[in-house]
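S.K.: Sharing a structure with you now.
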Amino acid sequence: MLVKLIIGSLFLFLIQMVLKTVYYMGYHLHYNEHYPGKCENVDGIGLGSEDIYTFTDGLTFITSGFATQNESVHKREYIAKHNIVGRMYLFDFNNNKAKVEELSIVGSNGGFNVQLFHPHGISGWLDKSGRKLLFVVNHEEQGVDYIEKFEFVPESKQLKHVKRYRDATMLLVNDVQATSEDSFYFTNFATGPEPFWMIIQAIGRLAWNTVVYCDGNNYKIVLDDLFVANGIAMSNDGRYVYIANIMNQEIVVADRKPNNDLVRKQVYPVYSYPDNIIVDSKTDNLYIGAHPLLHKSFQTLDNPIYHSPSQVLVLYVKDGNITNTRELFYNDGDLITGSSVAIVFNSKLFIGSVLDKTVLCDVNVPL
Amino acid sequence: MLMKLILVSLLLFLVQHIIKVVYLLGFHLHYYQHYPGYCEPIKDMGPGSEDFHTFPDGLTFITSGFAIQNESVHKREYMVKHNMLGRMYLFDFNNNKAKVEELSIVGSNGGFNVKLFHPHGISGWLDKSGKKILFVVNHERLGLDYIEKFEFVPGKKQLKHVKRYRDDTMLLINDVQATSDDSFYFTNFGTGHNPEIKLLQSLALLRWTVVVYYDGSNYRIVLDGMAMSNGIAMSNDGRYIYISNHDARELVVAKREANNDLIIKQGYPLYTYIDNIIVDIKTDHLYIGSHPIKYQLARHLGNPEVYRAPSQVLKLEMKDGNVTGTKELFYDDGDLISGSATAIVFNNKLLIGSVIDKTVICSFHVPA
């Protein structure tokens, strides 16, 4: 009798897990395309523009050629076929052109090797002398994860590698948010590069991921119980930190304590899978690149020849509370697959994707 | 043993049906708002702009004050509170203003009484002398459904009633599509005026509504098995008829035979509850007003004072009678406009009508 009860319960538990997983995959969802204006592809960029950072003068730094250390067979074939290597590009919002320039990367501090470079998240900072600094997440090929610091040399369109950060808390890093020229937050989106634990975590909906803070010397976990922490950004006044808790379909707004600890303030549901977050330097609103249909995103992650839809959301923020949302862009995947980041600057919408094209649209609608 | 089998089967059938209905009601759906430009409501209008017809010169005739013969208590209170009567409005796309003028309605052919007038669907036609003719569905208060024909008198901003159409095939009419100055198709969205029976049909997912054709002398059913046929429109060349198969969430494209029979060519799923269809005069593309979340629409129609319902406008690209692409032009959670039923883009402006709420005009700045 007891055995029947146990087996029956296990069976029901399994069924509800299967149903939940199928539901979250979003097979039943249907959305329609729409654009804020005329859209075109950006020239001169290899595949992928996973994250970007735009300085207040309109200069935008783009990471391209995302890959973790353990990619699937199909993905590896795709990477080899399309000559996808880790690159950094520069886009200037002041030119009215849909073009980018590739930046040359020099330097090898702490063993940094540009041939093994695979950038992911990025965050910018202006140092005291007004020089542009960039913190970039690096999934070093056949190695471990690092956060690399570069200095932009405008005359030679060059990124000079200046420092390399590494710690055991860097499990599988996604994004970074600078808080000074030598301190930052970063998000882990898995407990390690092996796909096995990622699958277990995804099916069991286990909230195992963390946000870590580096104060220049020490690293400490400042937020946990996240279900795949993805993008991270900071409000203009430095009071709030926004984290895309992607698999839980929500944006976490956290209060930043004087010692840089983070305390959850608001958890805002977005009913989509949010990737990177960019804070508008004038309005404090958030621009989010998102993946609306999980089943399609998984297909694309495994084999990039499949298209998955792209979505850009604007989240309106008041006093650290997200109050409203608007959808700025939706495409089924034929124009751009897997949008991961977006920004509106000078009435233009720039959208980056994980491993696909990059798009620039006119913004003719009220924001 | 057999009894157990029958009972369990019936129970399982019931359970799967209930799950289907709850799913279709859309409690689990979440969409985001977006607008094609700057939008504002049109002032000084009674509630509702369920359908409208735009002539090529930009003059647009809007039906307002939708009500069927048996309305709920809450709806009746709402109608009294907002002085909601059956009215016809004129909107001119050539004026750059968010304003309408009320048209005076004269004439009483066949017993037509403007005091009992509750218009619903509308279709326009230009007769041989270029006069604007309008066919309007009328749910006559305390009476039956009629299709009324009016002539527009531009000098006096007047609609002169000229003919009244009535037949037993007019069960619960939704929309009409003119094919000449004395013939038309119309859709029934129910099998009668009893709201409880209509609700039961809807919940049981039955497909009992029909499309009827009037050729000038006789009425005949040309399409049946529709799950609540709603809007109806004709392609510019007269070859295809588009029908909103509302409860099936699909657009039906039918080929028009020489004898005006309809043969279904394509059933295009849209995953939203579509209402009226307007065909773009230049491009042949379709503008559709739609209700994306069913339970919110039902709640709003039953008690409009308290509940809002989301509004959505879709544009369908057509080629040779086949749908080739969809775009969403507008989505609002219901605060700006609830229950969008009809829409058109004309002169870079988007006009949106609702069943019993406001009317909105937006500047249109996105690729169409």
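Keep in mind that glycine also has a Cβ here, set from the backbone N, Cα and C atoms.
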S.K.: For the Ca(2+) site that TrEMBL assigns to A:GLU50, A:ASP51, A:ASN174, A:ASP175, A:ASN230, A:ASP275, A:ASN276, which of the candidates A:ILE105, A:ILE122, A:ILE322 is also assigned?
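M.R.: Within the candidate list, TrEMBL flags A:ILE122.
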S.K.: Using the structure shown, find which entry in A:CYS39, A:ILE122, A:CYS361 (the recorded positions) has the sparsest Cβ neighbourhood within 10 Å.
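M.R.: Across A:CYS39, A:ILE122, A:CYS361, these recorded positions, the one with fewest Cβ atoms within 10 Å is A:CYS39.
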S.K.: Please tell me which one of the recorded positions listed here (A:CYS39, A:HIS120, A:CYS361) sits closest to A:ASP275 (Ca(2+) binding site), measuring Cα to Cα?
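M.R.: The answer is A:HIS120.
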S.K.: According to DSSP, does A:GLU50 (Ca(2+) binding site) sit in a helix, a strand, or coil?
M.R.: coil
S.K.: Could you round the CA separation between A:ASP175 (Ca(2+) binding site) and A:HIS120 (active site, proton acceptor) to a whole angstrom and send it over?
M.R.: 7
S.K.: Neighbour count, 10 Å Cβ-Cβ cut-off, for A:GLU50 (Ca(2+) binding site): what number do you get?
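M.R.: Here the count is 26.
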S.K.: Just the number: how many Å between the Cα atoms of A:ILE122 (Ca(2+) binding site) and A:CYS361 (disulfide bond)?
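M.R.: A:CYS361 (disulfide bond) has its Cα 22 Å from the Cα of A:ILE122 (Ca(2+) binding site).
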S.K.: Other than A:GLU50, A:ASP51, A:ILE122, A:ASN174, A:ASP175, A:ASN230, A:ASP275, A:ASN276 themselves, what residues in this chain have Cβ atoms within 8 Å of the centroid of the Ca(2+) site's Cβ atoms?
M.R.: A:HIS120, A:GLY121, A:VAL137, A:GLY231, A:SER340, A:VAL341
S.K.: Among A:CYS39, A:HIS120, A:CYS361, these being the recorded positions, pick the one whose CA is nearest to that of A:ASN276 (Ca(2+) binding site).
M.R.: A:HIS120
S.K.: Within 10 Å of A:HIS120 (active site, proton acceptor), Cα to Cα, which of the recorded positions A:CYS39, A:ASN230, A:CYS361 are there?
M.R.: none
